[in-house]
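According to TrEMBL, the features are:
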type     : residues                                                       : note
ACT_SITE : 35                                                             : active site
BINDING  : 15, 16, 17, 18, 19, 20, 103, 104, 105, 106, 187, 188, 189, 193 : ATP binding site
BINDING  : 19, 103                                                        : Mg(2+) binding site
BINDING  : 39                                                             : substrate binding site
């Protein structure tokens, strides 16, 4: 793997908290944020402005999506509706002067093209993964399956982020059986705003620490 330049944030499912986790990592590491494939723009502004607000980013720390698609579907399905062909050549890591947080769309097996899944893009980008998972019932199975899929491709996993009410038993079992660490947890927040993001970001290991651990 190339030197550790950032992370790819993916999840065990959709609507699982990837964007909030990405905002926390971006804030903690003073990183640059990029979501290359954004769908669902017919109903919302997308995740990029959300992360910019929550992580209090300046314009130079935000990279616009390579593709912005209207339908709230997987990238391939959304692109097909608009007659768009997603070109892998546009999904290349940008040159930045800071750590880079790349957020995926959906989970590992979401189709991007007829010949490309999200896990293929992760492998192409050659970044370690931060896997976001629910904290509650069912998460052990989903998380271990995702970890196994990543490792079969030789994709390093930096750690897991648990989203939802605290569940120390599930956290312990994921660390034990998945041979992975829990980077941090995101509890159910009464308000999701700059303050709550900053408070969690203060507990995230510094980038240089993660960089050292990733190379071990």
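From the backbone N, Cα and C atoms, a Cβ is placed for every residue, glycine too.
TrEMBL annotations: computationally assigned, not manually curated.
Listed binding-site residues: 19, 39; maximum Cβ neighbour count within 10 Å falls on 39.
For residue 17 (ATP binding site), the same-chain residues 6+ apart in sequence whose C-beta sits under 8 angstroms from its C-beta are 11, 132, 134, 161, 163, 164, 186. Proximity of residue 103 (ATP binding site) to non-local residues of its own chain (separation of 6 or more, Cβ distance below 8 Å) is seen for 8, 9, 18, 19, 22, 33, 34, 35, 47, 51, given in sequence order. Taking the Cβ of residue 105 (ATP binding site) as centre and 10 Å as the limit, one finds 26 other Cβ atoms among all the protein chains shown. Checked against residue 39 (substrate binding site) by C-alpha proximity, the binding-site residues 15, 105, 187, 189 yield 105 as the nearest. Residue 35 (active site) has a Cβ environment of 26 other Cβ atoms inside 10 Å. Within 10 Å of its Cβ, the residue among the binding-site residues 15, 187, 189 with the fewest other Cβ atoms is 15.
In the three-state DSSP scheme, residue 19 (ATP binding site) falls into the helix class. DSSP classifies residue 39 (substrate binding site) as coil under the three-state reduction.
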